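Taken straight from Swiss-Prot:
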BINDING   641-648, 687-691, 741-744  GTP binding site
COMPBIAS  60-75  compositional bias 'Basic and acidic residues'
COMPBIAS  76-88  compositional bias 'Polar residues'
COMPBIAS  108-125  compositional bias 'Polar residues'
COMPBIAS  127-138  compositional bias 'Basic and acidic residues'
COMPBIAS  139-152  compositional bias 'Polar residues'
COMPBIAS  164-180  compositional bias 'Basic and acidic residues'
COMPBIAS  223-239  compositional bias 'Basic and acidic residues'
COMPBIAS  411-436  compositional bias 'Gly residues'
COMPBIAS  450-479  compositional bias 'Basic and acidic residues'
COMPBIAS  487-530  compositional bias 'Basic and acidic residues'
DOMAIN    632-801  domain 'tr-type G'
REGION    49-542  region 'Disordered'
REGION    641-648  region 'G1'
REGION    666-670  region 'G2'
REGION    687-690  region 'G3'
REGION    741-744  region 'G4'
Amino acid sequence: MAKMKIHELAKELGVDNNVIVNFLQSKGSEVKSYRNNIEEKEIDLVRGKFKGSVSSNEPKSIDNGKASRVEKPEKNNSVTAKADQTPSEPVVHKQRPMTAQGERKNMSEQNVTTGSTESEDNIQSVGDRKYQHTDRRPQGNNGEGPQTSTNSGDRRPQGQGSYGDRRPQGQNSGDRRPYNGDRPQGQNSGDRRPYNGDRPQGQNSGDRRPYNGDRPQGQGNYGDRRPQGQNSGDRRPYNGDRPQGQGNYGDRRPQGQGSYGDRRPNSGDRPQGQGNYGDRRPQGQGSYGDRRPQGQGSYGDRPQGQGSYGDRPQGQGSYGDRRPQGQGSYGDRRPQGQGSYGDRPQGQGSYGDRRPQGQGSYGDRPQGQGNYGDRRPGGQGSYGDRRPQGQGSYGDRPQGQGNFGDRRPQGQGGYGGRPQGQGSYGGRPQGQGGYAGRSQGQGSFGGFNKDFDKDKDSGYTRSFDKKRTDPKSGEKSSIKSDLANELTKEQRAAAFNDKSRDRDRNRDRGRNNVEDGNIKSAKGKKDPNRKGAFIMPKPQQSLEKQDEIKTVIIPEVLTIKELADKMKVVPSVVVKKLFLAGKMVSINSEITFEEAEEIALGYEIIAEKEVLVNKVEELLKEDDEDENLMVKRPPVVCVMGHVDHGKTSLLDAIREANVTSREAGGITQHIGAYTVEVNGEKITFLDTPGHEAFTSMRMRGAKSTDIAILVVAADDGVMPQTVEAISHAKAAGVQIIVAINKIDKPSANIERVKQELTEHELIAEDWGGDTIFVPVSAHTKEGIDQLLEMIILTAEMGELKANPDRMARGIVIEAELDKGRGTVATILVQKGTLHVGDNIVIGSTYGKVRAMMDDKGRRVKEATPSTPVEILGLNAVPNAGEIFMATENEKEARNIADAFISQGKERLLADTKAKLSLDGLFSQIQAGNIKELNLIVKADVQGSVEAVKQSLVKLSNEEVAVRIIHGGVGAINESDVMLASTSNAIIIGFNVRPDNMAREIAEREKVDLRLYRVIYSAIEDVEAAMKGMLDPTFEEKVMGHAEVRQVFKASGLGTIAGSYVLDGKIVRGCSARITREGTQIFEGALASLKRFKDDVKEVNTGYECGLVFEKFNDIQEYDLVELYMMVEVPR
């Protein structure tokens, strides 16, 4: 056996090329790709390995053959017996290369003269790899034989067809020249020159010239098996009768459109656009040659769809006319998937020409028109000659029309060749192959490729002496083309000339194809998609030429140098540009984002404002909890209200403890956290201060709780801090329960309290609202049980849940620095469980939990959700109200703390920058007369530090600004005193004492050190200190009025005004204003006051006196004198 290409063997066996290549390589063969030839020994080795996969579907194919045979065997009985023989004896074709060069030569004579099975056998043998009727595909082919008789030439998994392509939807036969002997059920032979014998049940022969016999049921012909009426495989339709659009040989569409050649209702009656031989359209219109949307056309030319062979209802095409709306033809295939002799995935291509645009023909046709021979741009044509009008005759073609063998180099396939996987006579992978496969799809039935198919990779090149040579294998075969015999010398010459013209046309088109980036190359070069092909990199010029839009991210304020660096330009260029625009700047000048954006646009750069990501928020962000892991937790209740309204006393009554007696001044100055058990249910209470100084504490309390109890005294009613507490609770989205306290007092008025709270949208339930009001008395413990029941009921309605099996997370209620224990933080666990030994981070502080104590001071090992505990082990005092998190390890805690610290530094730096701006500096210079009171605040707990700082800062006014230069937790120490001495500050200690060393230094350095236990006192003293710093203010005080009665002149004294005191009294050293007839003529000091000749200190009303004014002597009688003094006004 001769050599064979791997891909041909792969098609035969129905396996992937690479599988065989890999198999051979594993056996030590030197094959490199599926295009390599392999020896007979290797072929047998591969067949032995993969033969099982080929024969696996045989029964199915046989069944198909039989099934299609049983339908209606009553017509065309002349050849029934012979047709029945063929499928009943399936020929399993072992694939072998082209043998018996003379077999095909005499095939047509045998076909014409005899209808014997010998002819059938002849076709089968010729069909070895090149001319087989059936393409073997795993999808259940409807070939004549069983499925094992694979077509050695065409093997495409996608069912790209060739003459011998079989597809699940009705494949055709693989032989080009069908022996149209008797076939059951419309199987067509693949021979071009059909023996148009009778066929039962409308089977079509494969002959080009239609035998217009009747066909019932329109079953498809030779190679076409489609469920809905497939076509036969011969170009000339056997235009038998077909109902319901079953197609024939060439048309392969599931909807049964189109038949081989002529589709007319008269051709054999076909209702509703059933096609025939050549037309492949989804609607079934179309014809052999030209397909127009209206489907006119003819064997020659037919206007308006009138048929020649038979009439066509509107829209069925004819043999000759084909239009470019994607209708396929024998030759015309479009990307819309129209089928062809060999149907292909893109549907383009034809028997001969396959182009990406879907043109194609038996020979060559531009723009998708196709006919048997030459196809013209208009797509019209007839069986033989297709002209724009579609006239033509069967044989004669003037004007260079193509013939059976005219093929173009532009990747058009011949009988077989197709680029991109279209099938061929003996189909080749990726479209190679003509008669025996041509690379790049050139190939023809017997194309006159003497001058044009010179590509060394061409397949069997058909020349004028009708010999073909395979340059790869060296085999030669001289198979005479029956159709070529029919052509006269003149016709060949005309076709040859026409090919020359078309070649030029196609060259241009091919050039366009390359420019458009199409896969197919202009000269029919090798398929660029083949394995191992060199892929030319695409030019990147267009990308390079595009101006890339740059984007820079800039902050709110930046210097010109920073902007220039971000834009990657020289700073001096930016300065120069601004200078030319009239702006005097330097590279260190600061500009706003808007100005920077304008500058950047001048350089075609888009500026985007920098969005500061809050690292802290990102770190504190947490995922949603799984509902299945949630368990019920105790409610956290916050007691809020105005100072002295009885919040702590109410808690005492609930806890049956006495807390108030321990609070300085009887008012609460810390947040107290307690756990109370009521009827087996735990409730966590937070007691917040009611004094106005503790606003932030109340806010923290509201944020960390589920229910807020608003305590309002029945005798006092709604007070300022009550309103503030309502605001905090609403802002935190907390359910409010109003406890009206002190109802045991005689002056208690519950209804007035309800009315006042209505103004703040708290309406009692008995007034039609939804707020729970509970009258209680902390003193007599009246209403306490009812209040607790309401708390538990509200908590149940809220369905309070938390996941205890996770890392702990919560809020810091209070923090302090204990002399013996170090930093102590009171925290409320909100999620998870906190254990002793856990690493935690609170803002910028972190540490390991060394010990935990509950609200009663007992050591505990763990704290579950809604449990308040005190923890030890932090490296610094955290700020109250911050969130704490337990972490996996200390390193993670340290990283989070560092993020907090760095963010705090950035914020401080930004504040400092803002303060040091020129505008700020100028305003400070202007306000140089403002005095500052520097304070250092030390307190026992962090919450108190905040409260004192906020209260004192509020005291600032236009003349004296209170400045807290340091605030901290713990006792007053040496460093605090030194800082106060340096900055001339007053130290305020709240519930703390100075140590001995600090006290000595304070006395030595004369540092004012004030200690307080009640916040009221601290505020009052600071107010007094501020007043002492204020500049004194004076106002005018009128002493009395006098009238000048007589004027005296005295040497050495000047003019003396003898005056009478009208009211008040005149005192020495006062000032005077003199008015004459309503006009003030003098204002100045009184130089001398005498009564008669004696100097006196004062003169009362009704007495006379002498007045001398400084540097004023122009006094006249009856002038009015007003005397006043400037008196200091206390502040």
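We count from 1, first residue shown onward.
Backbone N, Cα and C atoms are what each Cβ position is placed from, and that goes for glycine too.
Feature annotations (Swiss-Prot) mapped to structure.
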residue	record	Cβ neighbours (10 Å)
G641	GTP binding site	29
D644	GTP binding site	17
K647	GTP binding site	30
I743	GTP binding site	21
Positions on the same chain near the region 'G4' (741-744), where near means CB under 8 A and six or more residues out: 641, 645-646, 649-650, 711-715, 750, 775-780, 782-783
Segment confidence, the region 'G1' (641-648), expressed as mean pLDDT: 76
Reduced DSSP assignment, I743 (GTP binding site): coil
Three-state secondary structure, G641 (GTP binding site) (per DSSP): strand
For K647 (GTP binding site), the three-state class that DSSP assigns: helix
